[in-house]
Amino acid sequence: MIPRVTSTAQTDLTEGADPYGICAADDGALWVTLVHSGAVVRLSADGGRRDYPIGAQARPSVVTVGRDGTAWFTRTGDDRITALDRTGAMTTFELASGSGPFGICVGADGAVWFTESTGDRLGRIDPDATVSYVALPEGCFPAFVAAGADGAVWATLNHADAVVRILPSADPEVIDIPTPGAAPVGITWGGDAVWFVEIATGRIGRIGDDRLVTEFALPDPACRPHAITAGPDGCWFTEWATDRVGHIGRDGTVEEYDLPSSVSEPHGITVAPDGAVWVAAESGSVVRLG
């Protein structure tokens, strides 16, 4: 069954380019990063808004939310990870200079995982605040990271045209993508498999338990899919270059939806507890598809 989008609602956050990452919390709130002005915004389910400025130099990028409601986000500009709890208190972890943290997720055990895109490492922050690292192939440029159902985490290796699977007790398992120049970016666990986007070739990829990669070509190979997230009946993804949102079913069926004409450069995407799809558009707004 393909979900049907019957309406869109746009909420303007900034006058200029800004919204980038977005994540829905269990309480219905949305967390949004403003990558250029340097802030994180919480939009509550009742329409309230609270801004947490951290400085334009921080370039907050991707955000995730833990089971306790704490929002974690990467600061690509100043090489930090920050946790923002329900009270508004911030805890910041300083990383190696020039490491370029980008993707972030919460694992099944509550640990926080993040990518260091220019450091070629995956980092892990344990609940006791211990930080450890997993080295990845040199020059691979890890991008997004997602938690699987078996305790593993998966990350896209943008410059290596590959996906890596990590278990805390095992060596990294690198899985090559068949299409050269795929440049994978977004990745998510889709309930039965790992799904990822190939921004340079306009494809969606799937990796099952057998580690086989299946690729699905999108109608426009130049649409530049960027982020992807799981929903009840498949996955939703953004098409950065065409100002659209797409849905792919588990059988590979693709449906695409145009965003409002005033919206451009969709990046982050999330599915809220009520099933609504939310998109962060760098043009200055978040958009709800329902």
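Counting begins at 1 with the first residue displayed.
Using N, Cα and C of the backbone, Cβ positions are placed for all residues, glycine too.
The model shown is predicted, which means the values in this text are computed figures rather than measured ones.
Database features (Swiss-Prot):
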{"type": "ACT_SITE", "residues": "HIS267", "note": "active site, proton acceptor"}
{"type": "BINDING", "residues": "HIS226", "note": "substrate binding site"}
{"type": "BINDING", "residues": "GLU265, GLU282", "note": "Mg(2+) binding site"}
Cα distance (Å, whole number) from HIS226 (substrate binding site) to GLU265 (Mg(2+) binding site): 10
Residue pair the residue listed as 'substrate binding site', the residue listed as 'active site, proton acceptor' - Cα distance, angstrom, rounded: 6
List of residues, in chain order, with Cβ under 8 A from that of GLU282 (Mg(2+) binding site) and at least 6 apart: ALA17, ASP18, PRO19, TYR20, VAL35, SER264, GLU265, PRO266, HIS267
C-beta crowding around HIS226 (substrate binding site), within 10 angstroms: 21
Lowest local Cβ density (other Cβ within 10 Å) among recorded positions: GLU265, HIS267: GLU265
For HIS267 (active site, proton acceptor): DSSP state (helix, strand, coil): strand
